[in-house]
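A.B. asks: Following this message is one structure expressed as structure tokens.
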Amino acid sequence: MSIQNFRKHFELASKEAIRWFPGHMGKGMKIMQQKLKTVDLLIEVHDARIPFSGRNINFHDTLTAAKPTIMVLSKKDLIEKEYHRRIVEKIQNDPQFPIENVFLANAKDPSCDGLKKIIPRAIKMIQNSNRFNRAEEKERNIMIIGVPNVGKSSLINVLRNRHLNKKGASAVGAVAGITRSVLTQIKICEDPLIKILDTPGVLMPNIKNVEMGMKLALCSCFQDHLVGEDVIADYLLYWLNKHKRFHYVDIMGLDQPTDDITHVLFAGAQKLGATLRMHSIASGTMEVRPNLRSAAKYFVNSFRKGQLGKLCLDELD
Ligand SMILES: Nc1nc2c(ncn2[C@@H]2O[C@H](COP(=O)(O)OP(=O)(O)OP(=O)(O)O)[C@@H](O)[C@H]2O)c(=O)[nH]1
Ligand SMILES: [Mg+2]
């Protein structure tokens, strides 16, 4: 296939796939709102691979408008370094919800520069803010918010380790929905006394934009089975071709780029030796077929591990 023939738009075979919103999330948001009066500052965490897509805009109206807020773009190790400054500036100058204090962070690297700056900046911002009913409180409370799987709990753990020299207090995992209890309070610093409330990820109620939904799916903000690994893999292929990122050709055992996901998955299954034994109704015997689902998972995971290159999915201009 010639490169000019790649798809210019991504379309879902069924629009139904875009109706995800697990019910417990709305309840989580209400409890977070009720807790707001015990909080001095918010840290909104978002995935640096989708710095502008999929942020829950309801956070602004219900939470961040009322308290000083720091934005942390996590997983900075998975995007190109040359984008860092432009991303921060774009968020600071956002026409709708600008956030002044923005840091990029890699929770897997305790010596990361962005990580070092978060708590000192938070202390300063709380000092300079009107704490209303909390003016006499010695304890500073921070609430961490964000959509699922962006690294909220990982950030708490690495900050706790850094400022208190203590290891993981909050459970972390590669799929969405690891933190379930609405508010777990974790001490992360002794002097001054700082506690962080971990919260479950909350998506916006409606994701009408297909591309935004697919980017969130690719970054594991939903559980894969809700969208389907094959659909996520097809979106990934579309994105890679559109941006002329062809590392996948090698990784999936192809000869050249293609826009046909079935072709990619067949080649990938063959490369992996991934097969399925299935009963054929036509012949009445067991047949060995390529395991396309395994190939789709492998393809999507290659992106998630950064093996397809450092990729920021959002356009910067
Ligand atoms: N590469 C990389 N992976 C990260 C980083 N931060 C978190 N992760 C990974 O992202 C996944 C999700 O991390 P969590 O800390 O559980 O995310 P969460 O936002 O608390 O997720 P929920 O509680 O499910 O909403 C885990 O596999 C982490 O190891 C980072 O800075 N870089
Ligand atoms: Mg969590």
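All residue numbers here begin at 1 and follow the chain in the order shown.
Every residue, even glycine, has its Cβ placed from backbone N, Cα and C.
Nobody curates TrEMBL annotations by hand; they come from automatic prediction.
From TrEMBL, here are the annotated features:
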type	residues	note
DOMAIN	25-205	domain 'CP-type G'
BINDING	Asn149, Val150, Gly151, Lys152, Ser153, Ser154, Gly201	GTP binding site
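Walk me through where these features lie, including what they touch and how far apart they are.
C.D. replies: The C-beta environment of Asn149 (GTP binding site), restricted to residues of the same chain at least 6 apart in sequence and closer than 8 Å, consists of Asp47, Ala174, Val175, Ala176, Gly177, Ile178, Gly201, Cys219, Ser220, Cys221.
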A.B. asks: So if I measure Cβ to Cβ from Gly151 (GTP binding site) and keep only same-chain residues at least 6 apart in sequence, which ones fall under 8 Å?
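C.D. replies: Set apart from Gly151 (GTP binding site) by at least 6 residues yet with Cβ under 8 Å, we have Val45, Asp47, Ser74, Lys75, Ala107.
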A.B. asks: Whose Cβ lies within 8 Å of the mean position of the Cβ atoms of Asn149, Val150, Gly151, Lys152, Ser153, Ser154, Gly201, the GTP site, other than those residues?
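C.D. replies: Result: Val45, Ser74, Gly146, Pro148, Leu155, Val172, Ile178, Thr179.
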A.B. asks: Return the single residue from the binding-site residues list (Val150, Ser153, Ser154) that has the minimum number of other CB atoms within 10 Å.
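C.D. replies: Sparsest of the binding-site residues Val150, Ser153, Ser154 by Cβ contacts within 10 Å: Ser154.
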A.B. asks: Could you tally the C-beta atoms, other than its own, that fall within 10 angstroms of the C-beta of Gly201 (GTP binding site)?
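C.D. replies: Step by step: centre on the Cβ of Gly201 (GTP binding site), count other Cβ atoms within 10 Å, giving 23.
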A.B. asks: At its widest, how many Å does the recorded GTP site span between Cα atoms of Asn149, Val150, Gly151, Lys152, Ser153, Ser154, Gly201?
C.D. replies: 13
A.B. asks: Would you mind checking how many other C-beta atoms are within 10 angstroms of the C-beta on Lys152 (GTP binding site)?
C.D. replies: 29
